[in-house]
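K.L.:
The structure's right below; bear with me while I get my questions together.
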């Protein structure tokens with residue numbers, strides 16, 4: 001197989017793209033005297049390059065993952081298990097790849113998109129690194145090619161990184177579509193990632209200014225940014241006013257109301273639910289259920305439907321919802337990583 005199961009997942013993302021300007025795929029030669037038994041075991045996916053245009057859009061979300069290759073249930077199969085961070089959660093994905101009459105070449109057929117993937121082990125010394133190339137053929141959308149670099153350890157020699165770059169370029173992958181991924185460490189399936197403040201701020205910044213809540217200035221001064229206050233408990237302050245405000249509840253991942261006295265307090269204090277969500281919501285909200293709430297307002301909003309893997313419209317009642325609530329389709333896609341059909345496949349390594 002192109003054993004590295006991640007390859008087919010990247011390629012299927014391009015099934016929704018037109019094949020305009022995609023070059024004819026080159027012939028690929030497998031590793032000379034390929035030894036299948038020696039390719040088994042654990043690998044780290046360290047770099048990727050592809051003619052699939054979606055890669056450039058989501059490359060900053062990709063990180064080093066692990067992949068284990070083993071003998072399959074039959075002599076004609078190879079078992080593949082990939083573990084990676086995706087949308088803040090550690091996921092484990094398993095697959096089966098079919099051997100061919102060429103040692104080092106493997107097939108995977110994705111019936112949902114009527115696409116066949118051909119994967120090739122093109123360079124490896126088995127004990128240190130491996131480079132895979134995968135062709136994807138779609139009857140509707142034409143061909144794409146993806147290259148991936150794997151290592152037995154999370155770091156490799158610079159000369160091997162350069163070799164991978166040269167291989168990718170040689171098959172028509174653009175320089176700006178070659179990504180050496182960040183190492184966030186190994187994960188255990190089901191674990192949730194602790195999102196750093198700087199990463200969260202950078203992610204939220206993708207929303208254009210006109211889509212963000214206007215809101216008021218922070219209620220306290222100093223070096224603390226508004227978004228850094230999101231994990232604080234709400235504070236009514238010492239004054240005796242009765243202003244309804246919103247605060248972000250990290251436990252429920254929702255913005256809830258409280259009575260603000262009118263002075264002091266802290267930065268977890270927002271004039272509207274929209275401003276609160278657009279300041280404090282994290283990518284974990286995309287995994288929450290879609291909740292209309294018990295109130296009877298009629299607001300047409302957007303939410304991410306995890307079952308369908310896309311953003312959909314729903315009617316929000318106006319109260320007691322959660323963070324999976326967006327004020328435009330664009331905002332939903334920016335947060336939940338849905339630039340187009342097939343995005344989910346692309347983000348899996």
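Any Cβ shown, glycine's included, is placed from N, Cα and C.
On a predicted model such as this, the values are computed, not experimentally measured, just so you know.
Below are the features listed in Swiss-Prot for this protein:
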type	residues	note
SIGNAL	1-19	signal peptide
BINDING	52, 110, 136, 148	3-hydroxy-L-kynurenine binding site
DISULFID	90-187	disulfide bond
CARBOHYD	114	N-linked glycosylation site
CARBOHYD	214	O-linked glycosylation site
DOMAIN	230-280	domain 'BPTI/Kunitz inhibitor 1'
DISULFID	230-280	disulfide bond
CARBOHYD	233	N-linked glycosylation site
DISULFID	239-263	disulfide bond
SITE	240, 241	site 'Inhibitory (P1) (chymotrypsin, elastase)'
DISULFID	255-276	disulfide bond
DISULFID	286-336	disulfide bond
DOMAIN	286-336	domain 'BPTI/Kunitz inhibitor 2'
DISULFID	295-319	disulfide bond
SITE	296, 297	site 'Inhibitory (P1) (trypsin)'
DISULFID	311-332	disulfide bond
K.L.:
Average pLDDT across the domain 'BPTI/Kunitz inhibitor 2' (286-336)?
P.N.:
89
K.L.:
Using DSSP, what is the helix/strand/coil residue split across the domain 'BPTI/Kunitz inhibitor 2' (286-336)?
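P.N.:
Result for the domain 'BPTI/Kunitz inhibitor 2' (286-336), in helix, strand, coil order: 10 helix, 15 strand, 26 coil.
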K.L.:
To which of the recorded positions 52, 276, 280, 319, 332 does the lowest count of other Cβ atoms within 10 Å belong?
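P.N.:
Minimum Cβ neighbour count within 10 Å, taken over the recorded positions 52, 276, 280, 319, 332, occurs at 319.
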K.L.:
Using C-alpha positions only, work out which of the disulfide-bonded residues 90, 230, 239, 332 is nearest to residue 295 (disulfide bond).
P.N.:
332
K.L.:
What does DSSP call residue 240 (site 'Inhibitory (P1) (chymotrypsin, elastase)') in the simple three-state scheme?
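P.N.:
In three-state terms, residue 240 (site 'Inhibitory (P1) (chymotrypsin, elastase)') counts as coil.
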K.L.:
At the Cα level, what's the spacing in Å between residue 136 (3-hydroxy-L-kynurenine binding site) and residue 187 (disulfide bond), rounded?
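P.N.:
Between the Cα atoms of residue 136 (3-hydroxy-L-kynurenine binding site) and residue 187 (disulfide bond), the distance comes to 29 Å.
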K.L.:
Please name which of the recorded positions listed here, 148, 230, 233, 239, 241, is nearest in space to residue 311 (disulfide bond), Cα against Cα.
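P.N.:
Smallest Cα separation from residue 311 (disulfide bond) among 148, 230, 233, 239, 241: 230.
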K.L.:
Rank the recorded positions 187, 240, 336 by how many other Cβ atoms lie within 10 Å of each Cβ and give me the one with the fewest.
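P.N.:
Each of the recorded positions 187, 240, 336 was scored; lowest Cβ tally within 10 Å is 240.
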K.L.:
Return one of helix, strand or coil for residue 255 (disulfide bond), based on DSSP.
P.N.:
strand
K.L.:
By a 10 A CB contact count over all chains shown, which of the recorded positions listed here is most packed: 239, 255, 263, 297, 311?
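P.N.:
Going through 239, 255, 263, 297, 311 one by one, the largest Cβ count within 10 Å is at 255.
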K.L.:
Just to be sure I understand: of 239, 241, 255, 286, 296, 319, which recorded positions have a C-alpha no more than 10 angstroms from the C-alpha of residue 280 (disulfide bond)?
P.N.:
255
K.L.:
Given the recorded positions 187, 276, 296, 336, tell me which ones have a C-alpha lying within 10 Å of the C-alpha of residue 230 (disulfide bond).
P.N.:
276
K.L.:
Neighbour count, 10 Å Cβ-Cβ cut-off, for residue 233 (N-linked glycosylation site): what number do you get?
P.N.:
10
